[in-house]
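For reference, the structure discussed in these notes is given below.
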Amino acid sequence: MVLTMAGQTISFGIVILFCILSNISSWYLVATCIPIILCGGFAAAFTCYLSYITDITDENSRGVRMGIFEVVISIGMLLGMVSSSFILNLVGYVGIFIVAAGFHSLGLLYIIFVLEESVATRETEGMLKAFFEFEQIKQITATTFKRRPNNRRSIILLCVTISSLFLLAVMSEGGCIYLFLRLKFGWSLRKYTIFSSVKDVLYVVGTFLSIYGLHKILKVEESIVILMGLISCINGSLVQGLATTDTHIYFGALLRSLVGGVSPMLRSQISKISEPDEVGKIFSALIMFENFLQLLGSPLYTFIYNGTLNTHPEFFNFVSAGIIGVTIFLTVLVLVQHIKLPRETGFSILHENIKPSDDNEDDVNC
C-alpha cells in the first residue's frame, strides 16, 4: 500500500511541476505515468486494500466492512465531483492538483504511521527481484484455477466472471450516457452533473441498505444480495433504454440503487471459500480480469454507440442489460453450487471443547 500510494503522490507532484512550467510540450505529461506504472497504480492499490480488509476481519463482518469500503469510495468520488469545479475556479489547475497531491500525501502518512501490518512475518530477501519476475503471474493464475474440494473452484471462477462482466457493463457505458442524454433529451452539462450527483447519492444509500440492512441485519446470504443487485441493475438499464422523459431516467437511477452491493458481496464470498494465504492472489487475478475487460469495454461501447447513433442511440443500454442478464444466470449457478456444499456438523468443535466429568472418567477407567 505504501508503494502504490507513493507512486500516485509522486505522479501528482510531476503534474504540478509541469503545470508551473510554461511553454512545455504536452508530451512530457507521459512522464506522470511512470511512477504509477512502476508502483502498480490503482489496480494494485485496490488489491492491497481488499487483501488488508480480508486479513483484519472475520467472516461474519467481512462483507459489511467491504461494503463500507465501497460506500466510502463512492462518497469520496461524489464529493470530488461536486467540489472540483469550485476548487478549479478558486485556485486554478495548479491549486487543484496541489489539493489532490496533499490528500494523497495524507493517505501515505496514514498508511505509514497509523495502519498496522496485517502480516506477522514478512519476507524481505529477494523481494525486489521477485517484484519483476513472471513467476508471480504464474502463481496467481495457478492459485485461481487450481482444483478445490466441494465445487469451490467453480464458485470462485463464477464469482470472478460475474464481477468482471458486471464491471464491464456498468463502467464501460459511462462514456456514452452523457452523449445519449444530450442527443435524445437535450441535456446540458449542468443538468447531467445534477443527475450524476443524485445517482451517486442513491448508489450510496442503496449500498448501505443492501449491505447493512439486508446482509448485516436481516442475515441475507451474499449470493441473494448479489442477485438482487444484478436484478436492480438490469431493471435500471431497461428503463433507461426505454425512457422517453427525464422522469424515466431518474426512475432508472432509482431502480439501480441496489447495484452497489454486488462487488462487496462477490469479494466477501470469494474470501470465505478461499484459503487465507490465497485470498490476495485470487483478488489480484480478479482485479486483473476486471481491468482487462474494461480496457476492451470502453472502445466496444464507443463502437456500438457510434454505429447506432442515428437510429437507436439508446441501444447500448440493452447491451448492458444483456451482459447483466448473463451475470444473473451465472449467479443462479453459484446459488446451486452453494446448495451442494456440505454443511459443517460441528462435531469436532464439540469434541475439543467438552471435557469429560469425573464420573465419566471413572466409568471409562472401570
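Cβ atoms here come from the backbone N, Cα and C positions, even for glycine.
Among the features that TrEMBL reports, transmembrane segment is placed at 12-29, 35-54, 66-87, 93-115, 155-181, 201-218, 225-243, 282-303, 315-336.
The recorded stretches the transmembrane segment (201-218) and the transmembrane segment (155-181) do not share 3+ CB pairs below 8 A when only pairs 6 or more apart in sequence are counted, and are therefore not in contact. The stretch in closest packing with the transmembrane segment (225-243), judged by the count of Cβ pairs under 8 Å and taken from 35-54, 155-181, 282-303, is 155-181. For the transmembrane segment (155-181), same-chain residues at least 6 beyond its ends with a Cβ under 8 Å from one of its own Cβ atoms are 144-145, 148, 187, 189, 192, 195, 226, 230, 233, 237, 249, 259, 262-263, 266-267, 269-270, 273-274, 282, 285-286, 289-290, 292-294, 296-298, 300-302, 305, 313-314, 316-317, 319-320, 323-324, 326-327, 330-331, 333-334, 337-338.
Long-range neighbours of the transmembrane segment (282-303) within the same chain, counting only residues 6 or more positions beyond its ends whose Cβ lies under 8 Å from a Cβ of the stretch, are 43-44, 46-47, 50-51, 54, 140-141, 143-144, 156, 160, 163-165, 167-169, 171-173, 175-176, 267, 270, 274, 316, 319. Same-chain residues lying 6 or more positions outside the transmembrane segment (315-336) and placing a CB less than 8 Å from one of its CB atoms are 155, 158-159, 161-162, 165-166, 168-170, 173, 176, 180, 223-224, 226-227, 230-231, 233-234, 237-238, 240-241, 269, 301, 304-305, 308.
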